[in-house]
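What follows is a single structure, written as structure tokens, with notes after it.
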Amino acid sequence: MNFKVRVIDLAGSCCRLGALQFGTKVVETPGCLIYNRSGVVPHLTPDILETLDNVPPIMHTPLASIIEEPGLIKLRGYGKGLASFIGYKDNSVYISASDYQGEAMYQYNENKSISVWTKTGRTKVTPDDYSKFVEVCRPSWYQSLCDTVPANASIKRTRKSVDRTLEFLDQCLKYREKHDSLKTSELWAAVEGGGLVDERQRSAKESATRPVFGFTLEGFGSDQMNVETIFELLPLTTQNLPVEKPRLIHAIGSPTINSLSRSSKLTEVEEENGNDSSNDQDRTATFSLLNLREDRYNEDFSPLVSGCKCFVCSNHTRAYIHHLIINNEMLGGVLLMTHNLFQYIEFFRCIRTSLKNNKWKELRKLFDA
């Protein structure tokens, strides 16, 4: 696996374009990963996902969704890795220790383990337990075990979080060094620090001294982390990380484009297609929330988004999807997820194109308007 990065200086604001290559697959950055639970993308089966264009070739699977089912014993017996087990043979897998889709109960983490919450309750996971599980999953990337705390955690608890996470990282590295089967899986260091600038910087500086492939920025997806705090902490954190290594952030939420700008680049891209995409940017940047349960859509025969080239907008109408939703048809969720995924992937493509063509400020204005 290798990562190529190109830093672009736009009127004093540094941004990065990059390409993360593993085997024949490439993830262009800034970009996104496809989130799934237990190997299932919400509403979409593997065969449907394969029909979509430009889907990132790596699946983000949180530990909590797979540690119980399929679990260590089944995956070890299967012997072909998690990607094959869940039906995504042509895709790769990224395993994260954190999962922001559930409630974070950080107070149950301990000095030698973290608590992972499954359907049957609490499971303690040590760095060695985690590494053994990752070993049978055979992911392309995996995150180091981490003790994530919210922005409002006390100073003492936040410092302990950073200390624990660094110790967990060292133990994951030690296990990886002793087991050749993990050498094909790249380890990403988790950067913690809650809402404290000093601890964020300490975590970043210490993590940067370890032999890791990249970094995950933790804690920005918690409910206690407001937008102003995110904008303050991101640039102060990333400035302490090596420029040549990729960064990944979990659950940044709705201010994604602002976060990309304020963080002085989260990740990076070298786009081969140099076509002007100003029309695409206009379409993607102008949006509103549709509640298709409302009765006013029962005779609306327009597409979800005018000009959208996704399968849903090319073949179906708001009225049809309204009918599916109010009758609780499974196809309604499938079509909405297909459209939203297409739009989100296009959103990042427009960001990359605007950076390459030196039109980042113009794109920002469309979102700020």
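Sequential numbering from 1, following the chain as shown.
Glycine too: its Cβ is placed from the backbone N, Cα and C atoms.
Bear in mind that the values here come from a model prediction, so they are computed numbers and not experimental data.
Checking the candidates His250, His323, His339 against Swiss-Prot: the one annotated together with Cys308, Cys310, Cys313 at the Zn(2+) site is His339. In the structure shown, across all protein chains, Cys310 is the one of the binding-site residues Cys308, Cys310 with the greatest number of other Cβ atoms within 10 Å. A Cβ within 8 Å of the Cβ centre of Cys308, Cys310, Cys313, His339, the residues given for Zn(2+), is found for these other residues of the same chain: Pro303, Leu304, Val305, Lys309, Phe311, Val312, Ser314, Thr338, Phe342, Gln343. For Cys313 (Zn(2+) binding site), the same-chain residues that are 6 or more apart in sequence and have a Cβ closer than 8 Å to its Cβ are Pro303, Leu304, Val305, His339.
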